[in-house]
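My questions will all concern the structure given below.
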Amino acid sequence: MNTIPSSNYLSSCPNCGRVISAERLYKGSVCSECLEEDREFNSIRELVNELSRLNKLNRLNYIKEVLREYDIFVELFKRIIGFPPFGPQKSWIIRVLRKESFAIIAPPGLGKTTFGIITSLYFSSKNFRSILIFPTRSLVKQAVDRISMYSNKTNIETKLLYYHSGINESQKQELYKALNAGDFNIFIATNRFFIDKINELKNIKYDFMFVDDVDTALKSSKSAETILNLAGFSKDDILSVKELLRKSREDESVYTKIQEIRGNKLKGKTIVFSSATLTRGNPVLSALMGFRPGSSVIYLRKIIDTYAYLPNNDDDVVNLLKELLNKLGEGGLIFVPVDKGQEYAKFLEAKLSDSFNVVTITSSNTNKIEDFANGNIYALIGSATHYGILVRGIDIPWRVKYAIFVGIPKFKFKIGEVMNLVALSRILSMIGLITKDQDIVRLAGRVRGKLRKLSPAAISMLTNQAREGKLEDETLLRAYEVVNKYLEDKDILKKIAELGDLVISNGYILMPDYLTYIQASGRTSRIYGGELTTGLSVLLIDDINLFNILNRKLSLILDEIIWQELQIKKNKIGSSDLTEIINKINEERERILKVKKEGEIEPSLQKVKTVLFIVESPNKAKTISNFFAKPSIRQLENIRAFETVLEDKILIVAATGGHVYDLTTQNIGIYGVEVQQQNSHFNFIPYYNTIKKCINGHQFTDFEQGNQCPKCHTTQIILDKTATIDALRKLALEADEILIGTDPDTEGEKIAWDIYLALKPFNSNIKRAEFHEVTRKAILQAINNPRPFNVNLVKSQIVRRIEDRWIGFKLSTKLQEDFWKEYCKNYNCKSEENKNLSAGRVQSPVLNWIVNRYDEYNANKTKIYYGSIKGIDELKFYVFKQNEKIRKNANIYVKIINTKVLEEEINPLPPYTTDTLLYDANQFYGISASETMKIAQDLFELGLITYHRTDSTRISNTGISIAEGYLKQIAGENYTKIFKPRSWGEGGAHEAIRPTRPLDVDQLRLLVDEGEIELAKKITRAHFLIYDLIFRRFITSQLVPLKVIKERIEYKICEDSNCNSELKTLQNYSEFITDIKLPIQLDYSKFLYLPTTRIIKNSIIKKLQETTGSTNAELVSKIQLTGSFVKSTVNLYTQAELVAEMKRKEIGRPSTYATIISTILKRGYVIESKKTKKLIPTQLGKEVNKYLNQKFSSFVSEERTRNLLQLMDMVEQGKQDYIQILKDIYYEIKSIR
């Protein structure tokens, strides 16, 4: 890393909260007031020890206490286990020592129970009390035995109490008495015991409570209430929180009130919940305990997906299954499609049982799963349905090795019969999308809302009620009615098949149940002890079309899935040896079983790390954390941390909410930048402070006296990024590694740099993660391939920000004071200063363009009249006002000179860059540049498009494969005739703006509506419009050239029927596109981009001939002039044209185009016309422009602005010294008088 840029951060010293230099933070140190010596520290421990030695500890004193107790804890841990705690355990220990209550959501084998037990012994050594709650009596017994063994190992005397079923009544009373008197160190019992005895036990005094397998503890509301009572919450507290949660949608401040209740009642208590897969959520418990549960749906999978073809008769199927079971060995799950029913499962069990010990699992014999787990059953058979017991209710990583699917998991129903509610919901949504009937769209929304609140078992029950004619729900009955009606329409059926990825065969509708495939195959690949096991899935294909649809759906959900053919006779999977694969899977299971049986964590678990992943946006944080499992959520200060699981990582994802620091407005140096000069040598030191926001939406860095907002003087401050830094520093202390994944541009690099410096004293292992799309694959690549920080990008941003501040503040002050006084004299307004006025290096030349263009427009205006031949409204004729005869309702004559049909080949345009997207969004839909950028930012953060601030047209191989996948989907094997892959550019990290999945807008809308793609925020019609533009432009960029069929009509316009006197017209021809042709017959309406007018399907030439009754090319028609408008030969700017001009003249950058236009509008210098969206300067704008050009033209000239931006680009590339540029700007502003 080259020399770091000088800067100072106010209120940021980790120890005293005063100003600290970037150099000291970079060295992991504190400010010079706290530590005179300027030296480097490699860890927070080293820093704290030095400050302690000098008696200078202040805010960091709490860390000294935590570290001291951490060392004691670790020593105890080592004495018991034989080696120190690993990544996540270190994090859990620190959180306990900070007296935080939290939930551990981690896979089996990461030592959660061990941690809980050792923590209770640690507290016992301090003479504190602990309660441990387990789901079963056998686990209570195991915990008692382990505590006894551990206390003997460590010589910790502990008074251990536990409840077991063998004690008599007098012993029970003695137990209750001891508990209520506090005469114990550790008490262990089952969850059931506490539910039954809560009245006797709710006043127990304790310091630490550990709830093992909290899923069991949350099975019922009574169970959850018991936990809350034990935590100290009363019934009134629970009722209050329920009421507050009802209001939370309208009023987020209720969470502050809940936090107060939590703080008051949990005082002095630390409560830890443990679960492998916390899927049950109790909103009140979550709110009061300060976390939200995650889920078991983990999309990480290390599965070899294989296929073979299902034989046509049952005997051959049985023989194939026997062969597979023999080759693959024990530990298999066999899934039968739900349409074949339990009878088929029982049939297979009977046929296979003569050779293997196999059992069909139903709700009545789930105890057999334990026999299977213990190795007493060879394989299990179950139903391939989303709510099947083997699909959802089994997690045995040491035993399950492979899954066999006897047919594709599917929904299958006869057209007209009662279908599964999940299928009903999907088809209803498709019908709404196809018909555009808002009643159906709303009905589909209500059905989805109902189903999302129901468990799989409840959905199954309602489906059965519908089939038996017992369904009473009016909404669902209406949904069945609508679907059955539309399924009788063959056109609708065809469109549903195209849109919804289903197969219609012999009067049946087949839909692949891809979520069941993911869940069921996922049983073979689980995380255990920091290792993601390898699994094998064998899919026996019974319908090739359905398989193709399944493959497409899985690719959308899993990013990538590779199918290999299983050749059982050749003992091959693809080109790999089947025996080698099975041996590898068996070795993994033996290793896991060894860990499980020995009950200890292997030292190899040291590779498991806690990783803090920091991004800007909460939406992006939520999107990323959802890629791997539904995350658990923690609230720290003003940020939410999403905790999720990777193979060997616990990932904590948190968001900064954009920039954390900005230049101070305090009276330091020149507008917050200190200038140091020694002879000809300069240094520029910007001073940064944390960003704040008041209740009225004003953003600032520095309070007025009395913690007031400097703009509106309120003391109601809703955001202070100091709290963000504090929260991130807490998380940094827990993490083994920190990755900062802010946007891949100069602003993103500066945010990352600021965070890096703020956290460096707390954790030295910090790197930069770069990604250009928010997809699972891209995020994993970024996590696994971090890079150093690019200080050149940081320096470039510093130059931009200082230049913007200096020029902006200097010129703005002139406008607000000097200019405004003069303006008010001329226009009779108050002569006080106007703080809304501003000027900037880029803003000012752009304003000048708008003013000049408006003047040119006015100077070249003329009136134009128009009319058309009766019956052909599409063909309009325009003439200039050139004499008194040309007026409204006057007649003129059109002589058709020639008509012809042309065929032209049009090469596709490249995919979007920022400027071209802004242009088209404004031209096609009238969406402003700033609104388009907000929408594109959302689409990027939600993982739907690549990074949107780019001037590159390059498309990666990944992008090309997305286009290929989509075209193959819609055109089948003929897609090669229309697909022409193009990269549109070479090298570089940035790509053009493109979709991240092969989904057109209708497919995306359907997946979002059905909840198959879960987005971190709701998207609007405008989001879909912009996505549609991006998708069309991208797909078209990968097509062969288009053949465009045009009709051209050439004519003269005259005053008389003989055309002796020709009139001046706008143009003497009209062209119409009547068709677009591709090499194959295809409906291109969903994916083709045309930068042109609409396609006229009916021939204008034919209409002309039919209307006039003549085929004569020399035809003369009399037409009436029906209207007029004023037109100039010079067009006013639209936002689209202004962006194109900025790009052409190299003024501004992709990240600033929208901001510049937005600022000019906000200042009132320009207004936008309502209908035509033209930009018109106001009187104020004209006068500001005149003032700036007269007095400061050299500072706001196009040439100077362009040169400066080029110099900043050179700083980014490391080709220019940023100090030299700042020196030039410094002299420049010094000359402003």
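All residue numbers here begin at 1 and follow the chain in the order shown.
Note that Cβ sites are derived from N, Cα and C of the backbone, with glycine treated the same way.
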What range among 1-41, 329-369, 985-1025, 1108-1148 does Swiss-Prot record as zinc finger?
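From Swiss-Prot, the annotated zinc finger range turns out to be 1-41.
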In Swiss-Prot, which of the ranges 691-720, 721-750, 811-840 has the zinc finger annotation?
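Range annotated as zinc finger by Swiss-Prot: 691-720.
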I need the CA-to-CA distance for CYS34 (Zn(2+) 1 binding site) versus GLY111 (ATP binding site), whole Å please.
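Cα of CYS34 (Zn(2+) 1 binding site) to Cα of GLY111 (ATP binding site) measures 40 Å after rounding.
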I'd like the per-state residue tally for the zinc finger (691-720) from DSSP, helix first, then strand, then coil.
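The counts are 0 helix, 11 strand, 19 coil.
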Report, as numbers and ranges, which residues of the same chain sit near the zinc finger (691-720): CB under 8 Å and 6 or more residues beyond its ends.
638, 657-666
Could you give the residue numbers and ranges of same-chain residues that sit at least 6 residues beyond the zinc finger (1-41) on either side and whose C-beta is under 8 angstroms from one of its C-beta atoms?
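Cβ under 8 Å, 6 or more out: 47, 50-51, 54, 56-60, 661, 664, 666, 674, 683-690, 722, 725, 729, 754, 757-758, 760-762, 764, 788-789, 791-792, 794-795, 798, 1214, 1218.
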If you count the C-beta atoms lying within 10 Å of each candidate's C-beta, which of the binding-site residues CYS13, CYS31 ends up with the smallest number?
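Lowest Cβ count within 10 Å among the binding-site residues (CYS13, CYS31) is CYS31.
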If we check Cα distances from CYS16 (Zn(2+) 1 binding site), which of the recorded positions GLN89, GLY109, GLY111, THR113, TYR947 wins as closest?
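Going through GLN89, GLY109, GLY111, THR113, TYR947 one by one, the closest to CYS16 (Zn(2+) 1 binding site) is GLN89.
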Could you give the number of helix, strand and coil residues in the zinc finger (1-41) as assigned by DSSP?
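Summed over the zinc finger (1-41), the classes give 5 helix, 4 strand, 32 coil.
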Based on Cα distances to CYS13 (Zn(2+) 1 binding site), point out the closest of the recorded positions GLY109, GLY111, THR113, TYR947.
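Closest by Cα: TYR947.
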Fewest other CB within 10 angstroms, which one of the binding-site residues GLN89, THR113?
THR113
Check GLN89 (ATP binding site) against DSSP and tell me helix, strand or coil, would you?
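Looking at the DSSP assignment, GLN89 (ATP binding site) belongs to a helix.
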Work out how many Å separate GLN89 (ATP binding site) and CYS31 (Zn(2+) 1 binding site) at their Cα atoms, rounded off.
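Counting only the Cα atoms, the answer is 32 Å.
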Mean pLDDT across the zinc finger (691-720), rounded to an integer, is what?
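Residues in the zinc finger (691-720) carry a mean pLDDT of 92 in this prediction.
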